[in-house]
Amino acid sequence: MTVLKMTWRPQYRSSKFRHVFGKPATKESCFDGVPITRSVQDNHFCAVNPRFLAVITECAGGGAFLVLSIHHTGKVDPHHPKVSGHRGNVLDIKWNPFNDYCIASCSEDTTVKVWEIPPHGVFKNLTVPWKELQGHSRRVGLIEWHPTANNVLFSTAYDYQVMIWNLDCPDQVIKNPVRTISHHTDVVLSMSFNTDGSLLATTCKDKRIRLMEPRTGNLLQDANCKTHKAHKVLILGNLKMLLTTGSSRWNARQMALWDQENLSVPLLQEDVDGVSGLLFPFYDPDTSMLYIAGKGDGNIRYYEITQEKPFVHYLTEYRSLMPQKGMGVMPKRGLDVSSCEVFRFYKLVTIKSLIEPLSMIVPRRSESYQEDIYPMTAGNKPAMSADEWLSGINKDPVLMSLKPGSRVEESYPELSMGKGLGSSLDTRRSQSRPGLLQLSYIQDQLGIKSDKEDSSHTESEDNRSWTLVSNGQDPALCSPPKTENELRMKFHKQQEEIRRLRELLNQRDVRIKQLELEIKNIRNSQPQSSL
């Protein structure tokens, strides 16, 4: 007699991100009354970091963009100061990944400008940039920062050139890029780097996908798919795959997956829908999740990427009645890990002059830190300098943990820029602020603290005081402040440290309550077990 064993296999694929859902912010947590640009450029028009939100605005007499504090939600003052140093419309903006107070912008006036944002925000129109890059002959449509090297910026314009800039140059106006890439025969539509920045992928209006070495400009792959017109391209981390979004032969919105070693034939082609409008792809290498947002509609589809067939696994879709014109993405170090947030968008809703934060959340019952959905991620510390990268060195990004209390220190303008025009302007701006009336009291407190540090002679006490005052920064920066600007920066730094300590205390309280409940349950179960 033979016994047949029946095996049951689920019809769906098991995934911890299957039930990820989108949670839009409340009206009080949105940015209302923002004059969003009416430009038809296919860019995001928005850039976000853990401190500031920047958005390109509609204005007359040149180009400008707003820089708002990430916590300054609600109604935006229509007369809020702007960054308005361009003579033409601003087409793209990007924050420096290693400095939360440095942002680059490109414009129709053929220039790229890098701005130094004051730590307390913009309280007066900024018209003088930290650096001005002059090299393109036509309007500059796209800029990207190098993912691991400090102060390396890429720009591409309607002159079909991709230029590489080294911002460590002492000149305020830089007219000569360190390298110019001239492989394209039409306008470059998008650029994407791999994890260590050793590869650059581009899509062009000539319907070709190019993969090249950005440092040397050598062309590695050149592909042209007749059935897929690519608009946007992403290198999917270290998966050795490329993803493009575009349109099919019949003008249906489509995405395609490519092997990085062979771009002759796509690994996968999938029609998304038949709606007109661009598709913006966003990839999270930590969770291997792909988000595709449609320009002009309110839908955001998300998928999970694997290295085995069928490669792309559809999860679900977020739907909204408010169409988005562009999207900003918060870096991973700015997410709320206590609510299991794995991604955050900032939707530009032009019809309502609204910027709406949208959080992608993994539903979990426990309120403790979930290590399985927050692996080590790229932080805000550069892996190398610009000169090291230009000399031929490749390094992986410096990783950080998102666990509360173990974050990488915040970056400040002095670390990469030095003191220039921005510092003197900030000092003049701060003199009219009523919030700085108690600076003398704060200075006295800092003087008391520095006296305590001088009285400590042991090495362990020095290390403890360095950790508390500098928050992980260079000990040379821990000397008592000499100027009002330095004093203000130390004050803001201490406020941020106090906020983090309060979060840690709240988490400890929650953990203590959980342990007390567990002890109570064990005590209640002991008499029953003895019986």
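Yeah, the Cβs are placed from backbone N, Cα and C, and that goes for glycine too.
Note that the structure is a prediction, hence the values are computed from the model and not measured.
Feature annotation (TrEMBL): of 190-231, 484-525, the stretch labelled coiled coil is 484-525. Among the residue ranges 73-93, 409-429, the one that TrEMBL annotates as region 'Disordered' is 409-429. Within the chain carrying the repeat 'WD' (83-117), a Cβ under 8 angstroms from the stretch's Cβ atoms is held by residues 37, 39, 41, 43-52, 54, 56, 59, 62-67, 125-134, 136-145, 147, 150-151, 153, 155, 157, 165, 167, 331, 378, 380-382, 410-413, 415-417, 420-422, all 6 or more beyond its ends.
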